[in-house]
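K.L.:
Attaching a single structure in structure tokens format; questions to follow.
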Amino acid sequence: MRVFSSIDELRHTLDALRRQGRTVGLVPTMGYLHAGHMELVSRARAENDIVVVSIFVNPLQFGPAEDLSKYPRDLERDAAMLRQAGVNFLFSPGVEDMYSRPMLTVVDVPDLGRELEGAVRPGHFAGVATVVCKLFNIVQPQTAYFGAKDYQQVVIIKRMVDDLALPVRLISVPTVRDSDGLALSSRNVYLSEAERRAAVIVPQTLDEAERLVADGLTDPVELEARLTAFLSREPLAKPEVVAVRDAATLQPVTSIADPVVVALFVRVGSTRLLDNRVVGSNRFVGNNRVAGGQSLPGKGVTR
């Protein structure tokens, strides 16, 4: 596995491989890799000649009071995991490589990026869309892989790709979960033992959503209220977002007829946990596809 920090060197190498007809898959990450990331890598390895994994803790997507400075980092460990998984290239630029001068250009999808998680993290999704667009321009992959846990992010990036006619196909890979159902996340390392035990209320709330809808509940406002009450059983859990939205567009719905996504953004201690589940009559939208050809995510995969 070759490691790059220079944009120009990576571009030069990939250009030569593309001229040979090689296909390129990209897995964008912020590092501190876990089994969920490696599931993305495995999918990319199966579908592409060349796999590029990027590790970049992007300052544009962190607010002034967020965890940029303490976000977990271990590049040596991550590189060893990627090397063992058969990744071809690791792109790990510094901030000075990605943003050699202050960014005056921002990619924003405001109608989608200021809802749900974006409502409590102003500017977050503009930072995400900007760095992902830049990574797409640098790597020029045919396919890029994202975890379904970040459901809103996938919908926003898909809209960005469609609106800007970017020649990349997006694949949303089902969430990987621990044995008790908690979605794997690099931020789980922040949780104390008591908080980790409490965090299981998040996937349990999604189970409750699925049960209520299966039992015939069709009022999204009532579903949100009942899920908020369910979360309140755990005193360490403080819900910031409990929302029921159209699974394809993230728009509010008046009735749970078509598939909806239940989106949760819950603070446990000082750690924000993000999770979601698609519920409804089935798990598909349109031509059974969303986010570049993938089925909508359901419960995910247990590790």
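Please read every residue number as a count from 1 along the shown chain.
Cβ coordinates come from backbone N, Cα and C, glycine included.
As annotated in Swiss-Prot:
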- H37: active site, proton donor (ACT_SITE)
- 30-37, 147-150, V176, 184-187: ATP binding site (BINDING)
- Q61, Q153: (R)-pantoate binding site (BINDING)
- Q61: beta-alanine binding site (BINDING)
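I'd like these features described in context: how deep, what's nearby, how far apart.
P.N.:
Neighbours of H37 (active site, proton donor), defined as other CB atoms within 10 A of its CB across all chains, total 26.
Mapped onto three states, the DSSP output places V176 (ATP binding site) in strand.
Counting only same-chain residues at least 6 apart in sequence, those with a Cβ under 8 Å from the Cβ of Q61 ((R)-pantoate binding site) are G123, H124, F125, G127, V128, V131. When secondary structure is read from DSSP and collapsed to three states, Q61 ((R)-pantoate binding site) falls in the helix class.
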K.L.:
For S186 (ATP binding site), what is the tally of other C-beta atoms lying within 10 angstroms of its C-beta?
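P.N.:
The answer is 18.
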K.L.:
Which of the listed binding-site residues (M30, L33, A148, V176) has the least company, meaning the fewest other Cβ atoms within 10 Å of its Cβ?
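P.N.:
Candidates: the binding-site residues M30, L33, A148, V176. Fewest Cβ atoms within 10 Å: M30.
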K.L.:
For the C-alpha pair, I'd like the distance in angstrom between L33 (ATP binding site) and Q153 ((R)-pantoate binding site), rounded off.
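P.N.:
Spelling it out, the Cα of L33 (ATP binding site) and the Cα of Q153 ((R)-pantoate binding site) are 18 Å apart.
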K.L.:
In sequence order, which residues at least six apart in the same chain have a CB under 8 Å from the CB of G36 (ATP binding site)?
P.N.:
G147, K149, T175, V176, A183, L184, S185
K.L.:
Please report the three-state DSSP label of A148 (ATP binding site).
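P.N.:
For A148 (ATP binding site) - judged by DSSP and reduced to three states - the answer is coil.
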